[in-house]
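Per TrEMBL, the features are:
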COMPBIAS  1-25  compositional bias 'Basic and acidic residues'
REGION    1-35  region 'Disordered'
TRANSMEM  56-75  transmembrane segment
TRANSMEM  95-117  transmembrane segment
TRANSMEM  162-185  transmembrane segment
TRANSMEM  197-215  transmembrane segment
TRANSMEM  227-245  transmembrane segment
TRANSMEM  306-326  transmembrane segment
TRANSMEM  354-374  transmembrane segment
TRANSMEM  386-409  transmembrane segment
TRANSMEM  430-452  transmembrane segment
TRANSMEM  464-486  transmembrane segment
Amino acid sequence: MDDDELHKDMVKAADKREKTKREDSALSFDSVSEASELKNSAEEAWNRSKEAKDGMLTALTAFYSLFLTIFALVLELSHLLSGEVQRENSPKDLIFGLYMYGVSNLFFIYMYVVLLLDPRWYWIIDAVKTHVKRFKTYEPSVSSAVATVRKVTHCGPSTGSLFLRLGCVVFGVTGIVYYSFLVFLCSADSSCPSLSLSLDACAIMFIFTQMHIIFCNSKLTITGHHTAARFGTMHLIAANLWTWIRYVLMEEGVMEKEIQGVFRTINNKSNPVMNEEMDEAFAHREVDFDSGCRAAECILGSLSEVMFTAIVEYSLIAAVVMYIVWRNIGKCGHGTEYVKRKHRIRVDCSKTTTGLFLGLAFLAATFTSMAVYYGYSILGKSRNAAYAYALTDISQYIIATIGCVMAIYQLRELIYVEKRNYQLLKDQELLDQILLWLGLVGELIYSVAGLVGLTGDRPWKPLAFILFFVHIFRLIQVGTQTFLIYLAARVRVGSSNKEDQPGKQVITFLLVANLSMFLMNLFESEKPGISESIIDFYGKRSWVFLVRSFSPLTIFYRFHSSVCLAEIWKNVYANK
C-alpha cells in the first residue's frame, strides 16, 4: 500500500515537472516570437513606414520648389546678362509663367473645393445630384456624416498678424491694378500676343486668390490630403519667389535711366566732362535714353516703380506665409477636430495720445519734405532736392533712434514672460522673425555698401559728406530698433504698472514714424540717395544691380517694423 502511494507521488511529481517544462518552453517561444516581431518592426523597410514616407515626401516637395526657383532665376538672369535694350517676353518666358501661375490657380481651386469648402455645401450638392438623377431618394444621414469631415482647421500657429495681412492686401491690390492695366493695354493692341494677355490674366487671379486665402485664414492648418497640399504650397512658394526675382530684375534698366538723368542735371553746368564719361559708361548697355518706353511705363510714369515695389513686397510676404502653411501641414494640437476662425480683435487705446500726435507731427514733416523734394525736382534743381532728402533722412534717423533708446529704457520696468508652451510660441514668432531678418539684411547690405563706396571719394564733397552721416545714423537706428523689437516681444506689462503702461507712448510714436519712413522710401525709391562717388566706386552697372536687389528689402524693413511694433503695442499692454 505504501509502495503504491509512493509510486503515485512519483508519477505526480514527474507530471508536474513535465508540465512546468512545457510552460517554460511555451514562455520561451513567446519571448522569442515577441523579440522577433520587435526586430522585424525595427528593421521595417522605409517604404512601409509612414514617418519615413512623410519625410521623403517633404524633402521631395522642397526639392521641387528649389528646382523651380533656380530655373526661374537663371531664366530671368538671361535677360539681364544678354544686354537687351528692354526686356521682351520670349515664348519660353510666357510658357514658364503660364505654368507657374496656372498650376498655382489650379491648387487654389483645389483648396477651395476640397479643403476649405464648408461641408454643408456637400449636402446641397448631394441634394441637387439626387434631384437631377432621380435614381434614389436623398438620405440626410449620409450628408450629415459627410458634414463632419473637415480637411483643414484653424488651430495652428499664426501665419501672420492682422497688420501684416492688411499690408499684404494693400500690396496685392496695387499689383492687381498694375496687371489689370496691362490687360487693358494688351487687349487694345492687336499686336499683343494672346499668351501675354493670358499670363497677365492668370497673374490677376493668382494675386487676388492668394491674397484672400492669406487674409481669411491666419491660423490655417491642413489636416488632410497631405501630398497634394505639400506640393501645392511649395509650388506657391516658387511662384512667389519667381515673381519677386522677375520684378527686381525688371527695374534694372529703369534705374540706369534714373541715374544718368539725375547726374546729367546735377553736372550739366558744373562738370560737362562728367556727362561724357557717364555716356561712355552706359554705352556698353546700349540704352537709348531718348527712345520711347513701354506703354505701361510711359502712361504710369514713376508710379510704375511704386507698383513694381508693391508687387515685390507682396511676393515676399506671400512666399514666407506659404512656407509657414507648408510647415504646419498635419500639425495641430486638436487632431482632426475642426476649430472655427476667430473674427474678433480687442484693442486698448489708452496711454497713446501723446505718442500718436507726436507721430502725426513726424508724418506731417515727412510729407512736407517730400513736397519740397518733388518741388525742387520739377524745377530742375536736383542738387537741392538731394540735399533736402539727405537732411530729412538724418533728422528722421536721429529722432527715431532717440525714441528707440527711450523705449528700451522704459521697458525695463516690464516683466519677462516665461514661455511655458515654447514650441507653439516659437512657431508663431517664426514668420515675423524671418521677415524682420530679411529686411534687416537688406538694410545692412545697402548701408554698408554705401559707406564703403563713399570712402572711395578722396576730395570729400558736401553731398558725399552728408550721405556718409546718413548711412551711419541709418545703421545705428536700424540696430537699435531691431534690438527693441526683439526685447519687447518677450516682455509684458505687470500688475504693478498696468495703469502707467511704461513705453506705450514711445511705441505708438515709433509705429507712426516707421510708417512715415516707409511711405517716403516707397514713393522716392532711394533716387536722391545716389552719389557719384558710390557709383564710380562700384561701377554703374554693379551699383544699379545692388540697389535694385536690396532697396525693396530696405522698404520692407520699415513696413514690417511697423507691423511688429503694432503687435507689441497690442500684446505687451493687453489686459488679459
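Placed from the backbone N, Cα and C atoms, the Cβ positions cover glycine too.
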Looking only at residues six or more beyond either end of the transmembrane segment (95-117), which have a C-beta under 8 A from one in the stretch?
68, 71-72, 75, 89, 151-152, 195, 198-199, 202-203, 205-206, 209-210, 213, 217, 222, 224-225, 228-229, 232, 235-236, 238-239, 242
Tally Cβ pairs under 8 Å between the transmembrane segment (464-486) and each listed stretch (56-75, 162-185, 306-326, 386-409, 430-452), then give the stretch with the top tally.
386-409
Cβ under 8 Å, sequence separation of at least 6 from the ends of the transmembrane segment (386-409): give me the contacting residues as numbers and ranges.
266, 362, 365-366, 369, 372-373, 376, 463, 466-467, 469-470, 473-474, 476-477, 480-481, 483-484, 487-488, 503, 506-507, 509-510, 513-514, 516-517, 520, 524, 528-530
